[in-house]
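If you check TrEMBL, you get these features:
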type	residues	note
ACT_SITE	A:Lys210	active site, proton donor
BINDING	A:Lys110	NADPH binding site
BINDING	A:Glu195	L-homoserine binding site
DOMAIN	A:353-427	domain 'ACT'
Protein chains: 2
Amino acid sequence: MTTTLPPLRLGIAGLGTVGIGVVKIVQQHADLLAARSGRAVQITAVSARSKGKDRGAPLDGYAWEDDPVALAKRDDVDVFVEVMGGSEGPAKDATEAAIAAGKDVVTANKALLAIHGHSLALAAETAGRVIRFEAAVAGGIPVVKSLTEGLAGNAMGRVMGVMNGTCNYILTQMEATGQGYEALFAEADKLGYLEADPNLDVGGIDAGHKLALLASIAFGTQVDFDGVELEGIQRVSLDDITRAGEMGFKIKLLGVAQMSDRGLVQRMTPCLVPATSPLGRLQGGTNMVVLEGDSVEQIVLRGPGAGEGPTASAVMSDVMDIARGIRISTFGQPAKTLTSAPRAQASTVAPYYLRLHLTDKPGALAKVAAVLGDHGISIDRMRQIDHEGTSAPVIIVTHDTTRAALDEALAAFGTTGVVDDAPVALRIENV
Amino acid sequence: MTTTLPPLRLGIAGLGTVGIGVVKIVQQHADLLAARSGRAVQITAVSARSKGKDRGAPLDGYAWEDDPVALAKRDDVDVFVEVMGGSEGPAKDATEAAIAAGKDVVTANKALLAIHGHSLALAAETAGRVIRFEAAVAGGIPVVKSLTEGLAGNAMGRVMGVMNGTCNYILTQMEATGQGYEALFAEADKLGYLEADPNLDVGGIDAGHKLALLASIAFGTQVDFDGVELEGIQRVSLDDITRAGEMGFKIKLLGVAQMSDRGLVQRMTPCLVPATSPLGRLQGGTNMVVLEGDSVEQIVLRGPGAGEGPTASAVMSDVMDIARGIRISTFGQPAKTLTSAPRAQASTVAPYYLRLHLTDKPGALAKVAAVLGDHGISIDRMRQIDHEGTSAPVIIVTHDTTRAALDEALAAFGTTGVVDDAPVALRIENV
C-alpha cells in the first residue's frame with residue numbers, strides 16, 4: 001500500500017504544554033506517523049493567546065490565527081485540535097465552529113465535554129464529523145479507547161479510577177512525609193501541580209469531569225456531570241490516613257460509576273480502598289482506571305495522568321485514528337441513542353468510615369451510637385483515640401448503609417450536643 | 001443514525017472455551033452490540049470437530065460445517081473467527097481460505113500468527129482484508145489495540161509482559177506454599193491450566209509467540225518468533241525464589257522486546273524484577289503488559305490472560321471494530337513496509353543472578369570468580385548458602401554483562417572442576 005491519501009492537516013488551538021507536545025510529535029515522528037497511518041500528518045495552522053513567545057518548538061511553518069474560531073474554519077484544516085481548555089468561551093465557540101465547518105475535532109478538554117458533550121456529540125453526528133477525547137481522561141492511558149473499543153463486547157459493571165494526579169500526590173505525600181493537607185497543598189502549588197482554580201483539582205471537579213465521560217461510554221447514557229456526587233480531599237486529615245492505614249486501607253480520591261437497578265451511580269469522593277489493591281498501591285501523580293465488564297472481568301490501566309508527553313500521546317492517538325479512517329461515535333454509540341438515566345447514588349450501600357470529635361463527657365459515645373441505630377446504621381468497629389483536651393476523636397466503621405441514611409444521621413448528630421465539628425464520612429469501596 | 005448497514009455475519013471455527021464464549025456474547029448482547037456498532041452482529045455458521053456435544057449454548061440456529069475451510073468460504077460469512085488454535089493444519093488452511101475468499105479474519109491464534117503472521121498479513125493486504133488478533137495476546141487485556149492505536153504517536157521503547165498465566169501461577173504458588181516446581185506443575189496440570197503440550201506454557205513458547213506479535217507492532221518489524229530468546233521456568237527452584245526475595249526481587253517469566261542500535265531484542269525468559277514493581281507484585285494467573293513509549297512514558301495494563309469470558313471479550317473487540325468499519329493493518333502498518341531487523345539480544349547488557357553448586361573444596365569460589373573476571377564480568381554480590389553434603393550453593397549477582405559473555409563464562413565453568421551441575425542464570429530486569 002503506497003501513500004495515496006492526501007495529508008491529514010491539523011489546526012492546533014492552544015500552544016501550552018499539551019499543544020507544544022503535539023507539535024513536537026508531529027515534527028519529530030513524521031515518518032513514523034505516515035508509516036502507521038498510510039498518510040502524512042501535518043500541522044497547517046496554530047492559534048494561541050500570544051504570538052511572540054518562545055515555546056521550544058519552531059512554529060514558523062504554520063499559519064497563525066489569533067482567534068481559535070478563525071482557525072477552526074480554515075479551509076486548510078481537516079482536524080481541529082482543541083487543547084486550550086475551559087468549558088465555555090473560546091474553546092466551546094471554536095469547537096462548535098469546527099463542527100459547523102465540517103472538521104473533525106480532537107480535544108483534551110474534559111470540562112467542555114463533561115458539560116456540553118451531549119449537544120456537541122449530536123451536532124457532530126448531524127454534520128457527519130467525529131469528536132475524539134482520549135486526552136481528556138487519565139492523560140496518556142488509552143482508557144477511552146480501551147473502554148469504547150477494547151471492551152465493546154461487554155456489558156459494563158463498575159468503572160473506577162484515580163484520575164487526578166495532584167490529589168493522589170497530596171494524599172500519598174501526606175502519608176509519606178507525615179505533613180498535613182495544608183502543607184502538601186502548598187507544596188503542590190509550588191511545584192505547579194495545581195490548576196489556576198485549585199478547586200478543580202482538590203475539589204474533585206476535574207476528576208469528576210473525567211468520570212462523567214467514562215460513565216457515558218460505559219452505560220450508553222448522556223454525559224451527566226451534574227449527576228456526579230462530588231467531594232474533594234480538603235477535609236482528609238493525616239489522622240484519617242493513619243487510622244485507615246491501621247485498618248489496612250489507603251485513602252484515594254476515587255471515582256466510581258455503575259448502573260444500578262435504580263439508575264446511574266456516579267461518585268468522585270475520597271474513599272478507603274484496600275492497601276494491597278492496585279488502587280491502594282498507587283503512588284504520586286500516576287493515574288489508574290479499573291474497568292469491569294461482564295465478560296472481561298477486571299482490567300486495570302495505569303500510567304501518567306498529565307504532562308506534555310503523555311497528554312500529547314493521547315491527542316495523537318485520536319489524530320492517528322482519524323488519519324487511519326477510524327470513525328467512532330463520540331461516546332461509543334450514536335448520540336441520539338444515548339439514554340438519560342436517573343441518578344441513583346444515594347440508594348447504593350457500602351460501609352463507611354466516620355471520624356467524629358466528641359465532647360469528652362460520659363455517655364457521648366452512646367448517644368452517637370443511638371443516632372446511628374435510629375437511622376438503621378449498625379456499627380462494625382468503633383475506636384476512641386487517645387487525646388488531650390476536651391474533644392475526643394472517635395473512629396467508627398459502619399456496616400453497609402446508604403449515603404442518604406448516613407447523611408441524615410450526620411445531620412442528627414448536631415442535636416446530640418456531644419459532637420463537635422462536622423464529622424468526616426468516607427465510603428469504603430470494595431475494589 | 002439508524003441501523004441501515006446489513007448485519008455483520010460471523011462464521012466461528014472452533015467451539016471450545018473461547019468459541020462458546022463468543023457465541024454467548026453474541027446471543028446475550030445482541031442489542032448492546034447493535035447499539036454500539038450501528039449494525040446487527042450475527043453468527044451464521046459454526047464449525048468444530050464433533051457436532052453432537054452439548055456445549056452450553058444453543059447452536060441450532062447456525063449452519064454447521066465439519067470442515068473449517070468450507071466454513072471460511074461460505075457466502076453467508078463476512079468475518080471468519082478462528083478460535084481453533086495450532087500453527088499449522090486446519091487453522092492455517094482455513095485462515096488462508098478465508099482471506100482468499102474475501103473474508104476478514106479475527107483470530108485468537110498466537111502460534112499461527114507468530115509463525116505465519118507476516119505472510120498472512122501480506123495476503124490479507126493484497127486481498128484488501130484485515131486480520132485482527134486482540135485475543136491472541138494477554139487474553140482480555142486490550143493490549144494490541146492500546147499499542148497499535150492508543151500509542152500510535154510514540155516511538156516505542158521497551159515492551160514487557162508477563163503473558164503466560166500458568167507460569168506466573170506456578171512461580172507465585174511456589175513462593176506462597178513453599179512447594180517446589182514439580183509439585184506446582186502437577187497441581188497446574190490437575191487444575192487444567194496446562195496446554196496439551198505443557199512445554200508451550202512452562203517452556204515459554206506460548207508467551208514467546210505473544211511477545212513476537214507485540215514486537216512486530218511496536219517496532220514495525222516482520223514478526224520473528226524464531227528470533228525470540230526463549231527459556232522456560234523449569235529450572236527455577238524454590239531456592240532461587242527465596243534468594244531473589246531476600247534481595248528484594250521476584251522471579252517472573254518476563255518477555256522483553258526493544259529496539260537497540262544493533263537490532264531487535266526479543267526475550268522471554270525467567271527474570272528477576274523488583275518485588276515492589278507492578279510486575280513484581282503480579283500474582284497468580286493474571287497477565288500484565290508494560291508499554292514504554294517516548295511520549296507516553298510508561299503504561300501498565302493488567303487483567304485476566306485467559307478464560308472464556310476475557311478471551312471472548314477480546315475476540316469481540318475485533319469483531320466490533322470490523323462492524324464499526326475500523327480497518328487497521330495486521331501489525332499496525334502495511335505489511336509490505338515492515339522491516340526485517342537483525343537479532344540483537346546477545347549484545348544488550350544487564351546484571352545477572354547466578355546460582356551455582358560448587359564442590360566443597362578450598363579455592364572453589366576463587367576459581368569461579370576468576371572465570372567471570374576472564375570474561376569481563378564483575379561481581380556485585382556473592383553469597384555462599386549454608387549447606388549439607390559436598391556441594392555448596394553459591395549465589396552471585398553480577399554487574400552489567402552481555403548474555404553472550406555470560407554464556408561463555410558459564411561454559412568455561414565446566415573446565416574449573418569445581419562447578420557441579422549446570423548453573424542457573426537469570427537476568428535482572430530494571431522494570
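Backbone N, Cα and C atoms are what each Cβ position is placed from, and that goes for glycine too.
Features as recorded by TrEMBL, highlighted on the structure.
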residue	record	CB count, 10 Å
A:Lys110	NADPH binding site	28
A:Glu195	L-homoserine binding site	15
A:Lys210	active site, proton donor	30
Practice task
Would you kindly give the Cα-Cα distance separating the residue listed as 'active site, proton donor' and the residue listed as 'NADPH binding site', rounded to the nearest Å?
Solution key: 6
Completion exercise
If you measure between the CA atoms of the residue listed as 'active site, proton donor' and A:Glu195 (L-homoserine binding site) and round to the nearest Å, you get 15
Handout entry: Secondary structure of the residue listed as 'NADPH binding site' (DSSP, helix/strand/coil)
Key = helix
Fill in the blank from the handout: Restricted to the domain 'ACT' (A:353-427), the mean pLDDT of the model is 91
Exercise for the section: Could you tell me which three-state DSSP class A:Lys210 (active site, proton donor) falls into? Expected result: helix
Problem - Residues in the domain 'ACT' (A:353-427) grouped by DSSP into helix, strand and remaining coil - result: 25 helix, 32 strand, 18 coil
Handout entry: the residue listed as 'L-homoserine binding site': secondary structure state under DSSP, collapsed to three categories
Key = coil
